[in-house]
Ligand SMILES: C[S@@+](CC[C@H](N)C(=O)[O-])C[C@H]1O[C@@H](n2cnc3c(N)ncnc32)[C@H](O)[C@@H]1O
């Protein structure tokens, strides 16, 4: 398929929200074919550029097609004839033009022509949604959380995320791995807060690195590392990662436990746990017990009630803190989906809390930026179980875990990370101690 048409089809598919764009791209380029790496990269870059600035491309498209200023409704727009084609032409980045021109000179000329026509369109006044690249409902919520920092936040959400690594404490020490990566010519730096973190620019191929092959490093955003630090898992304990997914945080907890004790990894989607045994083996962990559960009240969890030292609830959430990597999420979610998620988060947190032993720790975390999924869920839990669970100020547990400058990542006692302030994805986490 011609590159422009392919990118437009992938945009249309992405906006059906059945599969994320990275999976759609991988599918599109699977198997033997003649598409070279530069053109693959160009199609991917155009798709992400389209998703990052959809309100702008939509406003220009409607202007160029003489349709006035119809509001952006992605479910309707994606099936409008020519809409995805126009958005892709407008969004096609300059840096991706040579690859397009090589494959299809007339397509590159079409893009140039369409973009020149768009430059003659003046959107006045520029609506906030166009300026910030975010849907209106999300702007309203973020503005009430960060006020005038909204421009800086929106800009940070549009920048590519760096590649953060976690050094596996079972296999190596951070200074040695840093030196090894730097000796391999990589601009590796220690992360500012997480004691095991290393930061690299995006898109460094890791698979060829010896440190990766021997399990000395894992890919993990610094924010996720800090959540594991807040759990504070120790040698010999029994710990549960209640929403373990692919097990990124499970592996960090296992390293903190130095592969002793017992580490449960629960999830309701069994296939998400499939890769965990192999990942754990590579990381040198033998005490991880993955267990698919039917739902948060699965009766097989009853025998663990009141017995677990530390429980992490890395809850299913809107993922709006990860827009740098997943810009499609801002078009997938609405106030209604967020409200449904908040109700699910409450149920999971209440069920997971029942597993914590007296004196044990419970941590609730999300990668959302929204108060509804964060403070509101935590506050409702604290109010409901005030007799049983006491909220901890995150600063002390983070300092115990040797996190640098914990005060700068804690807001109102919660771990709160913002892409524009901390350079991480957006994260939120709260810890409680069960009364003894
Ligand atoms: C934010 S993701 C977890 C990411 C993972 N902890 C990591 O660090 O890679 C949330 C996970 O919760 C799982 N989940 C959804 N509903 C659940 C429930 N009722 N009980 C337990 N897990 C659930 C989802 O399948 C998803 O894998």
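Even glycines carry a Cβ here, placed using N, Cα and C.
TrEMBL labels come from automatic prediction, so no person has curated them.
What TrEMBL lists as active site, nucleophile is 367. The annotation S-adenosyl-L-methionine binding site is assigned in TrEMBL to 267, 314. Under the heading domain 'SAM-dependent MTase RsmB/NOP-type', TrEMBL lists 153-435.
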What number of additional C-beta atoms lies within 10 angstroms of the C-beta atom of residue 267 (S-adenosyl-L-methionine binding site)? 23
Three-state secondary structure of residue 267 (S-adenosyl-L-methionine binding site) from DSSP? strand
Using a 10 Å cut-off, grab the number of neighbouring Cβ atoms around the Cβ of residue 367 (active site, nucleophile), all chains included. 26
On the domain 'SAM-dependent MTase RsmB/NOP-type' (153-435), the mean of the pLDDT values is 96
Near residue 314 (S-adenosyl-L-methionine binding site), which residues of its own chain have a C-beta under 8 A away, given they sit six or more steps off in sequence? 227, 241, 242, 243, 244, 245, 249, 365, 366
Is residue 314 (S-adenosyl-L-methionine binding site) helix, strand or coil when read with DSSP? strand
